[in-house]
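Notes follow the structure.
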Amino acid sequence: MLKEEETINHPYWPRNLSIPNYVANDRSMSEILIFLFSVSGILLLATWSLTGRKVCGSRLSGGRRLALCWFTVCGFIHGVIEGWFSLYYTIIPKDQSFLSQLWKEYSKGDSRYAIADNFTVSMETVTACLWGPFSIWIVVAFLYNHSYRFVLQLIVSLGQLYGAVLYFFTEHRDGYIHSEYGHPIYFWFYFVFMNTLWIVIPFILIVDSWCQLSACQSMFDKAALKGKSKRS
């Protein structure tokens with residue numbers, strides 16, 4: 001926390017945070033957001049185009065293609081953006097690399113990233129190392145119709161949902177002190193909206209995986225029962 005003789009040199013909350021090595025961004029908020037959404041948009045379009053081809057003689061449904069677009073963007077965000085944080089969290093406040101500036105901008109919505117809070121470092125490291133590569137693996141698994149594709153989807157979606165719930169719950173227990181509570185951009189857009197996506201979409205995909213795997217198990221059980229009946 002800030003000592004009496006220190007001055008506030010950063011835009012983060014709570015205002016008495018001490019970040020002595022902080023260097024202000026020289027990139028604007030619009031530059032950073034345009035980069036993030038442009039890359040995500042390009043990946044969405046590329047994946048939508050790629051998944052339009054036939055897989056094992058049939059085409060993927062629109063919903064399935066959208067799910068694969070989601071996992072491609074997740075691969076980028078988890079592996080590249082969150083991977084950057086997990087590697088360079090100690091120097092981000094003073095670093096002027098583009099991705100460090102992205103994290104300094106996002107920290108206006110959650111200053112735990114600016115101070116390298118233990119939870120965020122641990123969560124982002126696990127996310128970058130596991131859910132990033134696994135997200136790309138899911139896309140490949142569906143494109144090649146691998147039998148384990150829905151198992152992968154279930155694992156990653158559960159991990160994402162669990163991480164997002166913990167992310168919100170830990171901040172709730174802290175009293176939402178790491179953001180300007182109620183701010184339309186920093187609190188509602190950065191903190192609430194962007195992270196709620198990792199609750200809503202993974203939940204839908206968990207239900208999808210549950211239905212697909214349950215249907216497969218039901219077919220297997222019926223086939224096994226028929227086999228027993230024939231033998232008897």
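Glycine residues also receive a Cβ, built from the backbone N, Cα and C atoms like all the rest.
Annotation comment: TrEMBL describes 32-50 (among others) as transmembrane segment. Tertiary proximity for the transmembrane segment (32-50) is limited to same-chain residues at least six positions away from its ends with a CB under 8 Å from its CB atoms, namely 25, 65-66, 68-69, 72-73, 76-77, 81, 98, 101-102, 105, 139, 143.
Taken from TrEMBL, the feature domain 'EXPERA' covers 63-206.
According to TrEMBL, the feature transmembrane segment maps to 70-92 (among others).
Residues 47, 50-51, 55, 60, 64, 68, 71-72, 74-75, 78-80, 82-83, 85-86, 152-153, 155-156, 159-160, 163 of the same chain, all 6+ positions outside the transmembrane segment (125-144), place their C-beta atoms under 8 angstroms from a C-beta of that stretch. The transmembrane segment annotation in TrEMBL covers 125-144 (among others).
Feature annotation from TrEMBL assigns transmembrane segment to 151-170 (among others).
Per TrEMBL, transmembrane segment is recorded for 185-207 (among others).
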> On the 0 to 100 scale, where does the mean pLDDT of the domain 'EXPERA' (63-206) fall?
Replying inline: 96
>> Within the same chain, where does the transmembrane segment (185-207) have neighbours whose Cβ lies under 8 angstroms from its own Cβ atoms, ignoring anything closer than 6 residues to its ends? I mean 6 or more beyond.
In response: 29, 67, 70, 106, 108-110, 153-154, 156-158, 160-161, 163-165, 167-168, 171, 176, 179
